[in-house]
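According to Swiss-Prot, the feature [4Fe-4S] cluster binding site maps to CYS434, CYS440, CYS479, CYS483, an assignment based on sequence analysis. Among the features that Swiss-Prot reports, siroheme binding site is placed at CYS483, with the record citing sequence analysis.
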Amino acid sequence: MSEKHPGPLVVEGKLTDAERMKLESNYLRGTIAEDLNDGLTGGFKGDNFLLIRFHGMYQQDDRDIRAERAEQKLEPRHAMLLRCRLPGGVITTKQWQAIDKFAGENTIYGSIRLTNRQTFQFHGILKKNVKPVHQMLHSVGLDALATANDMNRNVLCTSNPYESQLHAEAYEWAKKISEHLLPRTRAYAEIWLDQEKVATTDEEPILGQTYLPRKFKTTVVIPPQNDIDLHANDMNFVAIAENGKLVGFNLLVGGGLSIEHGNKKTYARTASEFGYLPLEHTLAVAEAVVTTQRDWGNRTDRKNAKTKYTLERVGVETFKAEVERRAGIKFEPIRPYEFTGRGDRIGWVKGIDDNWHLTLFIENGRILDYPGRPLKTGLLEIAKIHKGDFRITANQNLIIAGVPESEKAKIEKIAKESGLMNAVTPQRENSMACVSFPTCPLAMAEAERFLPSFIDNIDNLMAKHGVSDEHIVMRVTGCPNGCGRAMLAEVGLVGKAPGRYNLHLGGNRIGTRIPRMYKENITEPEILASLDELIGRWAKEREAGEGFGDFTVRAGIIRPVLDPARDLWD
């Protein structure tokens, strides 16, 4: 698919300003430490505004009150988002208690936000609390290093509670890959943890002095579940097991969903199969993929800098051969694998080790005490008595993992009393949104605040057409950067302007096909009118077991995207 347009291995030209910033930052230090002490502004200035992203933070402001503050001649109410590094989403109950306390006492919104990259975020950290949050994380063995900007981000791992042996092995690899690809600079420890400056020269043997051209995302996935949505990621290790034991991985490279409205040089892309590798080559191959992208990725245009664009420019076979050369291996042919779904199994599931796992549906991943539903307090109470761990899923849900039979009733009682086990429809369980307003500076339309009532309306349509026990993978993202992974949904809404979305159709349930734009810049009533008609047709005309996305393609409602680099915008 990608050998049609082989281009130069390295793009020559004027480097972006981000490249200058990284080069001049002294390995990500900048003047962040000095800026912390500037009480005249609640934000970070100049390069530091972007450099803090390498330390796991984004500077934001409350957009609901931005205009009001401007009228009062006040600067925006700056506050930081902090994203924890949590490979595979596994967090101990001691760690949970610490983050619960910090969220309640030191953030504007008081919430913990589970993300679809298997970690948690704090929103609304004022500048005075920035250093304390890093120190709190460090005190319980966590950090926020490399969870944003041009590095390998939080490594995902299938949250499969049943296959406990396989999950344990895959999770260990997710941690190893994460550690191996971390930056080596001591800037994080010096700035946030007050560790002494050591008189050695910083080196970044893998990432290099200017780090990666763009963000880089990695997964470890255990078929048949594609809960981590591998095709949204740059580098994916698909677990291959023999007799229940992990023996190696299929490698898929070059997925990614971010686009720009109207810019046909941007596209969502599914990852390409490179081949199979035995376990012992995992870290060498991971490093080789990252360093190839480091050296060949486009540093002259950030909108064309991700791995997916590098693959399309140089060709898949050329990129693959370079990875083989650097890793000193030859890929074996891809081993058979298949995906059957991506949703979480909500409720109790018994593992093969006789322990139980309770998956709790958390709408939009937002953990807060709501009227009559004290979710945050309930989880804190469970954390105080639970001997196992918690696992954040890539669907923004939470698993109480490793519950002995004797503890089940106690934990279920707390969960039910806190509203953590309220019954929801299959449709709601399979819907997701990014944060968007009021905190995200890129948001063009509502997402998290829009989704609950939107799904009420979809539930009504599903009931009207007699398919309430079915679901459609439905996602809303507030802008085309695509954090809500709408570009792998059966029905994807991509924010265009306040109250307006592009409606994409034709993805599939297992997340292996990019949906195509069906209608542009439409309102919620227009979206619902379209879906009313289409859900009605699906209910009447579908074949046995046929998902909504597959139906829209077979019925000729939408043309499938076959080669997104070339036909996404047709």
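Any Cβ shown, glycine's included, is placed from N, Cα and C.
Worth saying up front: this structure is predicted, and the values here are computed from it rather than measured.
In terms of local Cβ density within 10 Å, CYS434 ranks first among the binding-site residues CYS434, CYS479, CYS483.
Those residues of the chain, other than CYS434, CYS440, CYS479, CYS483, with a C-beta within 8 angstroms of the mean position of the [4Fe-4S] cluster site C-beta atoms are VAL435, SER436, LEU442, ALA443, ALA447, THR477, GLY478, ASN481, GLY482, GLY484, GLY495. For CYS440 ([4Fe-4S] cluster binding site), other Cβ atoms within 10 Å of its Cβ number 21. Reduced to three states, the DSSP call for CYS479 ([4Fe-4S] cluster binding site) is coil.
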